[in-house]
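Let me begin by presenting the structure, written as structure tokens, before commenting on it.
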């Protein structure tokens, strides 16, 4: 049998007989590697450990302690779950299977009833039996005709089979069961170690809302119990921080199916948080030279054709509204064309630059139902949006100014866990970007120079720039572990050209400005969700929807004193309520703690007689007695403390 050439990650090349498996290759390197290995990457493609190698190629051995090793384990655990579902519910139909860095899932459909969370334990027992049986996992090929005949009563498996090219379909044979193959697999069921079936949720078939709703069973798997325990603890923490859960607990927002998915209602508590953020942002921007505007949420479709949004983002836009007289109106997906109109409303001079325009602008995006999530992914959103028009030589200074403002805003919200990413064009594929080499080279050098001057750490990402200019993304992670862009500074050389923007220079001639897109804190919806999760609902006093709750020991005896205190606090712009529900004192105090109110004041006979209050802070067990005047000073100092770092 002829030899094949196998290239290793270090560049070395070695000859092996055709038919050699990754297991053979691993053994040729070391016994210890072979013991840890579970699969391989052949020319970048994840394959089984026992896959025969038929031709030359590059190989990377995949071990248990790698992300790919976990994916292989989860592929196999998902395969065993599919068998368990068939054993427990013979008529069940099976849809998509997927495994990734967060676990795995299996989509299912039952005619009679749904798989309940209570049945997950029974399914886990079946999976554990398959593991203890230590069954070999064989990869076999079945003719497409036979596979379709066997799946005639399962429309979803039938669709998956039909999606496979060719006349044969890859299957896995595990014991007496044959199931569709999904990704690289372990060699034996006994290699599945620690797993957990987590939850059940709904998911549309193939992600399309027009398709049937299936049940998605989620799970995860690890090679070590300690890793599984740590992951389960992380998930529990994420659940406790989930803004959708906290939003319900604190009555911040809700979504009404009668109105539509992705269209949240802000309740008074949530609206108070949002209003406080908006006022803060506007004040911050105005003090930094931004001019705030209001622009229409509707615009003629021609505006978005000229900007390029209609050509490039049409799928993310709602259908145009035909006004019947040839006029087509569109809900705006972005604010930048509107701000360009503000710039273009007057002849601009170089003396006006940088011209900074900002708005809390409402936008609409045609998000699919399956992508919607609480406040993080919605169809109607209000973006903290800003656009600066600068002369080319002002780019670096303006970039520094924007970045300095961003960092100050993060400090005020106590946001610390973020990273900077500079995104450049791909130097090997420049034709897909705005065509001006000198502009790109100068702009990228200016952004990099600004970051270096400020001493801020960053990563560089070639090929991640937008078509029209380089950018800086500020990346963070949500409490659920998802990476999210918190802020962006985007240079744009294209829109000023599309809209023929000019300013009159010192030489009396017209010059083209550069446009800088800038979002400090994303949308109000997404930022509120993010803050809810990082604070775990315990908002700092300046942001808390209710800052103080006053509990009179007896409404009849002490209610008037509680009302007097509340009036004094309201006069100082402190958000306060008096709890006169008449429940037991212990219950009312616990309820205030449950709703994460920063200060709880208890007033009784002693407090009323000497003009004092008994103060309990959120998260603390002890109470402190002080005069009402002293408390007002303390809470006002607490409210003002968020901006001390920036004074």
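The backbone N, Cα and C atoms fix where each Cβ goes, and this holds for glycine too.
Annotated Zn(2+) binding site per Swiss-Prot: 336, 387, 517, in sequence order. Reduced to three states, the DSSP call for residue 517 (Zn(2+) binding site) is strand.
Residues or ranges marked as domain 'TGS' in Swiss-Prot: 1-63.
The region 'Catalytic' annotation in Swiss-Prot covers 242-540.
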Cβ neighbours within the same chain of residue 387 (Zn(2+) binding site) - under 8 Å, at least six residues apart: 335, 336, 339, 340, 343, 356, 357, 358, 515, 516, 517, 518
DSSP residue counts for the domain 'TGS' (1-63), split into helix, strand and coil: 14 helix, 27 strand, 22 coil
Cβ-based neighbourhood (8 Å from the centroid) of the Zn(2+) site, residues 336, 387, 517 excluded: 334, 335, 339, 340, 385, 386, 490, 492, 495, 515, 516, 518
Count of other CB atoms lying within 10 Å of the CB belonging to residue 336 (Zn(2+) binding site): 20
Averaged pLDDT score, the domain 'TGS' (1-63): 91
